[in-house]
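Heads up, the thing below is written out as C-alpha cells.
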Amino acid sequence: MQKKTLSISCNPFPASRKIYQQSLLFSDVRVPLREISLTDGSNEKPLKVYDTSGPYTDKDTIIDFTKGLPAISLPWLSKRADTESYSARSVKPEDNGLAYDTKTVPAFKQKRPILRAKNGKAITQMAYARAGIITAEMEYVAIRENEGLEIKNQQKAQSDETCNGSIPEIYTAEFVRNEIACGRAIIPKNINHPECEPMIIGRNFRVKINANIGNSAVTSSMAEEIDKMVWAIHWGADTVMDLSTGRNIHNIREWILRNSPVPIGTVPLYQALEKVQGIAENLTWDIFRDTLIEQAEQGVDYFTIHAGLRLPFIPLTANRVTGIVSRGGSIMAKWCLHHHTESFLYEHFNEICDIARTYDISLSLGDGLRPGSIADANDEAQFAELKTLGELTKIAWAKDVQVMIEGPGHIPMHKIKENMEQQLDLCHEAPFYTLGPLTTDIAPGYDHITSAIGAAMIGWFGTAMLCYVTPKEHLGLPDKNDVKTGVITYKIAAHAADLAKGLPRAQLRDNALSRARFDFRWHDQFNLSLDPETACAFHDETMPKEAHKLVHFCSMCGPKFCSMRISHDIREAAAINKPKGDGIGCQV
C-alpha cells in the first residue's frame, strides 16, 4: 500500500486477505470481508469474518489521503434520483474556532457535490423501508452480517418475520428492511458520506462498537486524529465519533470524513459552544441550527442530540454524588438555568428532525442525565430523561428519521438489566447505544475493564452498540495505544454478547481457534485471535524460535504437564485398546 501525505499505514492481518462478495440483487454492491487462511494440512477451510478496516487493508488499493476514499454509494443515490446537488454554505472562521493562518489545518481540497433530498422527497432508509423498498444499503448490510454465507435465493422474502425481536438463521435484505421499518435498527449513512460502507445497528444483529476520537483545546492534531480513526477501524471499530473541542474542528472533521469507511458521529453542541467562545449562556438555536447544516453538508452520519434534558429535570440531580457528568448535558443544564426556560434542543426538535430527514442523518438521542457514579445509578433523573427520549423517538419516526438511544454510564451489575428493560419499554425498541456501563468506580486506569464487564452484560440483554472506554477514561485524552486497547476490549465484550444471544455464526471463530489450540497449531491460534501481534509476542517472550511453534506445549506447562498433550495421549491409548464389537457382554 502506498502512503502519501500522512504517515499512516495499516497492513493486512497475518494470513488474511481482503475479499469481496458480490450481491445477487445489485450489480454495483460488493461487500468486503476478511478471509483468514489456516495451516496447510489442518483440513480447515479459510474463515471469513466481518471487516471494518475499509480499503486500508486491501493490498491492491493505493491510499491517497488528499483525495479521500472511493465514493461507493454515489451510483446508488444517482439511480434513486431523489436527491439534488446545491451550493453549500461557506466555511466561516468560527467553524474552525476562529483559527487563522499557520494555526489553521489546511482545508481538504478535493471537491465533491453536496447533496440533499429533492423537495418533498423522503430519502431516509426508514422511509424506503416503510414503503417496502429494499435499498442497496440494506442488501449490503445483510451480506455483511452473514459473514460470507452464500444465500441461494436472495429475493425470497421472510414473510414470517414481524416486529417480534427474533434473530434469523440467515440475514436477508428483506429482514433488514423490516427491522428498519419497525425502528428497531438503523443504517447510519448520510448521503454526503459516500465513502462510508453501510453497516447496521440493531439488537437482532452483531453487537457493534464505537470508538471516540477528537482533538481538544490542549492536545492533538489532524494527522493524529486521522491516524486514530484508521487505527480504530483496523482493530474493529464499527463507527467512530469525532468529539473534537479545540480549534480547526471543521477542517479536521472534513479530513476524517473523506477518509473514513465507517459512519462518523458527532455532538454538534461541542462545535456550537466553540462558536460562542465556550460561554454556554450565549448559545442560540440559530447558531446550533447553522452548525447542524454545516456538519450535515460535510457528511456526518449521526448526531448526538441532548434534547431529553429538560428544565424540570435539573433539580432531580441536586442530591447526586456526581451531579451531571455528560458534557452536552451540563452545557444545556447551564443554559436552561441561566435563561430560566426550556431547552432549545427540546423546543426545536421538530426542526432538528427536518434537517436530519433532508440528509438521512440518524439521531442518537443523548443521555445528558446519565449517572456518573454507581451511587447515582437508576435514579429518578435518569429515567425521567429516558421517558422523554421515548417521546422524542416517536416525533422523529413520524418524519421517517432513524433513531437510536444513548444510555449509561455507571451501573452496578445487579441494576444493568433494569436499564435494558426500561429502555425497550419507554423507547419503543429503538436501538440502545451505551457507554459501558462501568460496574464499579474504584479502578481509574482500568476502566476499560470495569466497563467491559457491564458492556458484555447489557449487550447480551439487547444493547445494539457499545461505546468503548479506554484505560485513560477519567484521566486524559487517549493516544493510539489506548485506542487499540479500548477497541479490542470492547470487541471481546461485543463478541461475548453475540455468543450469549445465540447469533448465527458467532461461535465459528471460537471453535476454529479451539481446534487450533488443541492441535497445537500455534500460527493458526495467533491468526484467528482478535490481536495476532500480541498473542504471538506473548508466546515468543519465552519460546521465541520458529521451531517452538511446532512443539506440543507452551512455557506455561512445559512438555510433561500440558493437559491437551495428555488428552491426545489418552485418546491415542483408548483407540489402541478399544475392544472389538460393541464392548457389551461376552464375545462368542
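Cβ from N, Cα, C; glycine included.
Lifted from Swiss-Prot, the feature list:
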- Asn212, Met241, Tyr270, His306, Ser326, Arg327, Gly328, Asp367, Gly368, Leu369, Arg370, Glu406, Tyr433: substrate binding site (BINDING)
- His410, His474: Zn(2+) binding site (BINDING)
- Cys554, Cys557, Cys562: [4Fe-4S] cluster binding site (BINDING)
#### Entry: Cβ packing number for Tyr433 (substrate binding site), 10 Å threshold
26
### Query
Could you state the CA-to-CA distance between Arg370 (substrate binding site) and Cys557 ([4Fe-4S] cluster binding site) to the nearest Å?
47
### Query
Can you check what DSSP calls Tyr270 (substrate binding site), collapsed to helix, strand or coil?
helix
### Message
For the binding-site residues listed here (Cys557, Cys562), tell me which residue's CB has the most neighbouring CB atoms inside 10 Å.
### Response
Cys562
### Task
Translate the DSSP assignment of Tyr433 (substrate binding site) into the three-state scheme.
strand
### Fewest-neighbour residue among binding-site residues, criterion Cβ within 10 Å, set Arg370, His410, His474
His474
### Message
Please report the distance from the Cα of Cys557 ([4Fe-4S] cluster binding site) to the Cα of Ser326 (substrate binding site), rounded to the nearest angstrom.
### Response
48
### Query
Looking only at DSSP and grouping its letters into three states, which state does Asn212 (substrate binding site) belong to?
strand
### Other C-beta atoms that fall within 10 angstroms of the C-beta of Gly328 (substrate binding site)
23
#### Entry: In the chain carrying Ser326 (substrate binding site), residues 6 or more apart in sequence that have Cβ under 8 angstroms from it
His306, Leu309, Gly366, Asp367, Gly368, Leu369, Arg370
#### Entry: Three-class DSSP secondary structure - His410 (Zn(2+) binding site)
strand
### Task
Measure from the Cα of Asn212 (substrate binding site) to the Cα of every one of the binding-site residues His410, His474, Cys562, then give the nearest.
His474
### Task
Could you tally the C-beta atoms, other than its own, that fall within 10 angstroms of the C-beta of Tyr270 (substrate binding site)?
20
### Message
If I take the Cα of His474 (Zn(2+) binding site) as reference, which of the binding-site residues Tyr270, Gly328, Tyr433, Cys562 has the closest Cα?
### Response
Gly328
### Pairwise Cα distance for Tyr270 (substrate binding site)/Cys562 ([4Fe-4S] cluster binding site) [Å, integer]
55
